[in-house]
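Remarks on the structure that follows.
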Amino acid sequence: MVMADGPRHLQRGPVRVGFYDIEGTLGKGNFAVVKLGRHRITKTEVAIKIIDKSQLDAVNLEKIYREVQIMKMLDHPHIIKLYQVMETKSMLYLVTEYAKNGEIFDYLANHGRLNESEARRKFWQILSAVDYCHGRKIVHRDLKAENLLLDNNMNIKIADFGFGNFFKSGELLATWCGSPPYAAPEVFEGQQYEGPQLDIWSMGVVLYVLVCGALPFDGPTLPILRQRVLEGRFRIPYFMSEDCEHLIRRMLVLDPSKRLTIAQIKEHKWMLIEVPVQRPVLYPQEQENEPSIGEFNEQVLRLMHSLGIDQQKTIESLQNKSYNHFAAIYFLLVERLKSHRSSFPVEQRLDGRQRRPSTIAEQTVAKAQTVGLPVTMHSPNMRLLRSALLPQASNVEAFSFPASGCQAEAAFMEEECVDTPKVNGCLLDPVPPVLVRKGCQSLPSNMMETSIDEGLETEGEAEEDPAHAFEAFQSTRSGQRRHTLSEVTNQLVVMPGAGKIFSMNDSPSLDSVDSEYDMGSVQRDLNFLEDNPSLKDIMLANQPSPRMTSPFISLRPTNPAMQALSSQKREVHNRSPVSFREGRRASDTSLTQGIVAFRQHLQNLARTKGILELNKVQLLYEQIGPEADPNLAPAAPQLQDLASSCPQEEVSQQQESVSTLPASVHPQLSPRQSLETQYLQHRLQKPSLLSKAQNTCQLYCKEPPRSLEQQLQEHRLQQKRLFLQKQSQLQAYFNQMQIAESSYPQPSQQLPLPRQETPPPSQQAPPFSLTQPLSPVLEPSSEQMQYSPFLSQYQEMQLQPLPSTSGPRAAPPLPTQLQQQQPPPPPPPPPPRQPGAAPAPLQFSYQTCELPSAASPAPDYPTPCQYPVDGAQQSDLTGPDCPRSPGLQEAPSSYDPLALSELPGLFDCEMLDAVDPQHNGYVLVN
């Protein structure tokens, strides 16, 4: 439900609930609505859940009170904090912590999946919060992406304990609750279950969602979803590491007793890659005994006393866990003092510039915390109390709404009397934090000179040149995750000469601001990082408002291997093909309507873009390697310049690139490298482009998907290039061995295999060509086939039966050594044969498309000396045991007849495309 905007003169001021001004609507349900409020004393934003008790039955009302009871027991940095409970006759108001950046569901929908390092940090926070709950015998039972919120610093906050319950070790629960995609199989089967094991399953689904951006179990209907959950089968995408896969599989085990426990998850190999630093919790933990007065924050108690709030009543409220106005103001003031420190991302390694070089600052901070007052929490002698803001006799405040409103919201708009104590003053609005702090910078008078050790110190030069800083920002932005600005702003900051516009937030509204917050923390509303600011402070804009100095963004140096990917194009690469937001939310239970949540088809996701981060790193380091060490051989010869459109240039360039490697050495490829990667390598104009981020991102991330037909054509083109290359190399080898066009070797001669590099071909093709239509099996060739000229007069030759006797001068078959070691280029078109002519005395046979006329096993060929040649050639070709014949002798009549029983074996033969190196021919190898 949305609050209606009536005319300004009809409104009596902002809508108020107790000390809270209602500023908007965050969410709504059947019996409750969540409003965004701001405390009028502390100026802190809160989320107020307004529940209409008159619409609830006894069972649901009991669940509401149980949720309140559970939230009162929980006090953890990664669990939404309960500040106050207000109850009237028909309404219940739950004031809780406000997570400014919303659900991680929406974050994944807008930004795509997280990388495993980010997912690990998020999952550690979830794990610590769930472990905290289980330690207090509380089970959540509804862990899902919609209930994982992100605060101002992109840290996890678990919300919505509406399905939470208490459990005892060994006792089973039976309530069917939760969201179907996250529900464990024992819930679908209607069995009793142990609460912690149920949360372990849900956390496994959550981890899968963080890493993959999709649900492991999903279906168009509830029965199909149930079937998939009970089978326990889910897809693992190509980008998931083996350790992460192992952890998820051990959590998503059908048998609850075999699932990992929280202690085992903490010790898992994937979790131990990066262990977060433990920090103290925000508030002191209540033990079995009641906390003493000394355990409360004296600074906050004194401040409340200066505001006219009874200190004794505040202490009693805290000890009794009343969660009234006194406790709420105390919690909010403590939050405003310390929340930014507890919400700071903690890293194990602190950079030297991030850490102050002296302990004097820490001692000053400790002294200021025990003696002084915060900056924006002013004492009366600073003349900053504004007691006139609140009525002096504001014992009762009316819950009033505008006169114009919709009927659906009428139940939440009735005026309720919420008693509020008398307060003589309030705090000023939070001041935007100063994001730049130099060593000797003079600060405004309302800011303390002391700062916490998280303060950043800039490098000086970067502050003066925005264009140079923006260039550095662009170069280092590539390795960082995408973050949204937490608030939509109106002011645009244009970088000089950069051509890009950045939107900056100058709203003075902040969750928590104090003296430490003002002194240079980067935490404001620019959540570009979840890590500690370190190493490089980069200017984003000049002063956008009088109250804000030049904001800096602190970025870590990027991985050099990933520098080729800018953040925007990494976002496109990380984002799944279908939007994560498309479809229903997991909380919607209308599964029978055929709507699919998270339409992430992982079977397609695993086959899209066979380009992995490994390939990019390998290609990049192959390019960087020769530049770093000139003695090394070129690492990627296949990346030579193939931009020329002429086929001859392509062939010659490919020969040059291949000749840089030995004959038996091939470029190392990734096991997962696909045809598309090879295609992109040929598309690459200059290998040096790999080191430039903006040019190579298009190569890897913007390549449109291609059909199977296009991939087949590219594959054929690659085969054609290989064939042309091998053909030219063989021709050069023939020339080297002094094999003339009309010459013919001796019958017993066997050619040695080429073992050395072959020079480029220098001999022109013979003037004879073969023009015959190709069969569909054969690959087309850009060049016409070359063959020896003595076959030109026997083009129409048919295979005739041979006599059974074979002379001693029968030609031997093709050596098996040649058949095995020749690469398989596409077969050439066969030469036609003339009917009635004698068969050629060849050491090979051309394979036609008619399989029955293929070469029979071990045919007997006549001697090559039957053909008339001139005297010079004849003297060179014939051996001592081969007599010269003056003319064409009579050839044997025919081959042996081929029986029909031998045909099946002939049809089963496999074309291995073995090459006859003497005549560029091909034979069948069975």
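Glycine residues also receive a Cβ, built from the backbone N, Cα and C atoms like all the rest.
Feature annotation from Swiss-Prot across S292, S358, S587, S875 places phosphoserine at S587. Of the listed candidates (K49, K53), Swiss-Prot assigns K49 to the same ATP site as L26, G27, K28, G29, N30, F31, A32, V33, V34.
Segment annotation: Swiss-Prot labels region 'Disordered' over residues 644-666 (candidates 506-528, 644-666, 667-689). Between the CA atoms of K53 (N6-acetyllysine) and T175 (phosphothreonine) there is a gap of 23 Å, rounded to the nearest whole number. You'll find the Cα of L26 (ATP binding site) roughly 29 Å from the Cα of T175 (phosphothreonine). The two recorded residues, T25 (phosphothreonine) and V34 (ATP binding site), show a Cα separation of 6 Å. When secondary structure is read from DSSP and collapsed to three states, T25 (phosphothreonine) falls in the strand class.
Residues L26, G27, K28, G29, N30, F31, A32, V33, V34, K49 are the ones the record ties to ATP, and the longest Cα gap between any two of them is 15 Å. Within the domain 'UBA' (295-335), the DSSP-based counts of helix, strand and coil residues read 31 helix, 0 strand, 10 coil. Classification of T175 (phosphothreonine) by DSSP places it in coil, neither helical nor stranded.
Taken as a whole, the domain 'UBA' (295-335) shows an average pLDDT of 82 in this prediction.
Considering other CB atoms within 10 Å as the measure, the emptiest surroundings among the recorded positions T25, N30 are those of N30. You'll find the Cα of K28 (ATP binding site) roughly 24 Å from the Cα of T175 (phosphothreonine).
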